[in-house]
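Have a look at the structure below before the remarks.
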Amino acid sequence: MLQQPHTKYRAFAPIGLKDRTWPDAVLTRAPIWLSTDLRDGNQALVEPMDIARKMRMFEQLVAIGFKEIEVGFPSASQVEFDFVRKLIEEDRIPDDVTIQVLTQAREPLIARTFESLQGAPRAIVHLYNAVAPIMRTVVLGMDEDEIVALATSHAAMFNDLAARQRHTCWTFQYSPEMFSGTDLAFSKRVVDAVTAVWNASPERKCIINLPSTVEHSTPNIFADMIEWMHRHLARRDGIVLSVHPHNDRGTGTAAGEFALMAGADRIEGCLFGNGERTGNLDLVNVALNLYTQGVWPGLDFSNIDEVRATVEHCNQIAVHPRHPYAGDLVYTSFSGSHQDAIKKAFAARREGDVWDMPYLPIDPKDVGRSYEAVIRVNSQSGKGGMAYLLESEYGIEMPRRLQIEFMQVVQGVMDVAGTELSAANIYALFEREYGLATVQALSNRVLEAQADASVLLRGQLHWEGALVDMQGQGNGPIDAFIQALQEATGHRVRVIDYHQHAIGAGADAKAAAYLELRVDEAQTLFGVGLDADVISAALKAIVSGLERATAQGRQGAQCTVVPA
Ligand SMILES: CC(=O)SCCNC(=O)CCNC(=O)[C@H](O)C(C)(C)COP(=O)(O)OP(=O)(O)OC[C@H]1O[C@@H](n2cnc3c(N)ncnc32)[C@H](O)[C@@H]1OP(=O)(O)O
Ligand SMILES: CC(C)C(=O)C(=O)O
Ligand SMILES: [Mg+2]
């Protein structure tokens, strides 16, 4: 029988940490953030950044508020080396920012790394070597003792080289590469040996960074591993415990968050999750997840589009439109029921309320987005979304039954076009359907109060291409107009419902009138009028409704074809 391909994989063994505490932990403060955009992110690019791009990224990271930034792998190339030199020699590193650089545990590379840091006021030097069995056997050809010796001998080199550059305030960092694929006891053995060489203490802490170099377990297992290390490492009070998740299973964010719950103090990642293969942990995602729990992350993403533009420029990789918090579409609802709920929640929301909005986990304004894109209308949309757009963009506050009526018009267009309709498209349809640009106000209008408290209305109506004299009397202008209209056009109109509101304020304010009419006791439909004058708006709305009724009557007559 043919072997099933999946049988060549094996399940990741659970850690079996029985007394784990991390599932109940609640994150209440921000971790120490380390951006490795300029190192792990950069090493994963088709075209690594040149110095200009690196500088632009560095300045963006500083502007966001990162205090620790891994700026490169100085022994890898001249560009990497020169960039570190430029930062130092041109005094580009703010006083509250520490740069970090990475080196393999190899003598010449370490020497070159320290050379790149000459004159730096502060620096984190980051040492790594692989510890996982597959790397030990296949790549390095070393047994466990030899790996420990590799790590400790090169860690000792750090002590020596740092002692020769006394003007720099040094922090040492060690990463057991492929920690997530390594037996915990062995990881602890290597890390304990390194921290002993560095004599880590509360006064002179070092950073121990535990990577899921390749993510190959569920995030709860990674969290168990971090909690185990947090509880078992020697010199724990001399260690800043850091994690460095990757995202191969698409759970990098969860792994990072669980790891923080499990005792990690610090987290490494890249903006929007750039990095090797499927990327590093997405720092924006984790930071804004904290933000939406009411925890200030200490990183400023109040203009996320600017950050995204910088990252896209530097990495030459586009951020996906569905990317959490940053994508073009992530604050947009197309589907009708979502739009309906958002519209109602916006209407119910009062200044100062806790953010509790359906389908919007964060206020788009907090990341510099407007509400404009929150609702977009296509064939999946309903009246709520359409009405929201007309209200938010044009100040049109349609009564509910008008929404239902006009949505049929919108739906008809959408069914034919099949594409999205913008607010401007919808307004153009609304304008055409209700004759907003064509229905004219009553000319030479005269309104006279009568002794019996009624009013007399006179004027000239634009009706079917002619200017018709009209006159009527009633208990108000609308009543009088309806009387006059019947005489002038022969159509009997009854007002069923009436809504009006102002659009805008001051000299530019307009009145909007929405009248539901019964025409000739045959049709019920709306008319809409907009005018600077309230009475004109209402009268226009009646003419709008009457014109629609007669147009629909004509259409109905044309359509009534009786087959022979
Ligand atoms: C998970 C991570 O992200 S780790 C960071 C990875 N980042 C990078 O590799 C980017 C920068 N790297 C580079 O520019 C280069 O790879 C360099 C400069 C580091 C090394 O370049 P080279 O010397 O040409 O070697 P190469 O890249 O092929 O590395 C493989 C060699 O290093 C050895 N090696 C790998 N890791 C280690 C280590 N930690 N300590 C000692 N030797 C190591 C391998 O066994 C292999 O040795 P071999 O040539 O004797 O077979
Ligand atoms: C160098 C280490 C921290 C790394 O990038 C990894 O293991 O993913
Ligand atoms: Mg990495």
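From the backbone N, Cα and C atoms, a Cβ is placed for every residue, glycine too.
Source: prediction; values computed, not measured.
The feature Mg(2+) binding site is assigned by TrEMBL to D40, H244, H246, N280. The Cβ neighbour count for D40 (Mg(2+) binding site), using a 10 Å radius and every protein chain shown, is 24. The DSSP secondary structure for D40 (Mg(2+) binding site) is helix.
According to TrEMBL, the feature domain 'Pyruvate carboxyltransferase' maps to 31-305.
For 437-564, the entry in TrEMBL reads region 'Regulatory domain'. Per DSSP, the region 'Regulatory domain' (437-564) is made up of 42 helix, 55 strand, 31 coil.
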Excluding D40, H244, H246, N280 themselves, which residues in that chain have a Cβ inside 8 Å of the centre of the Cβ atoms defining the Mg(2+) site? T36, P211, T213, P245, G252, E268, G269, C270, G275, E276, G279, L281
Comparing the binding-site residues H244, H246, which residue's C-beta has the most other C-beta atoms within 10 angstroms in this structure? H244
Rounded mean pLDDT within the domain 'Pyruvate carboxyltransferase' (31-305) lands at 98
As a test of the contact definition, list every same-chain residue at least 6 positions from N280 (Mg(2+) binding site) whose Cβ is closer than 8 Å to its Cβ. T36, D40, G41, H244, P245, H246, N247, G252, E268, G269, C270, G273, N274
Which binding-site residues out of D40, H244, N280 lie by ligand 2, going by a Cβ under 6 Å? D40, H244
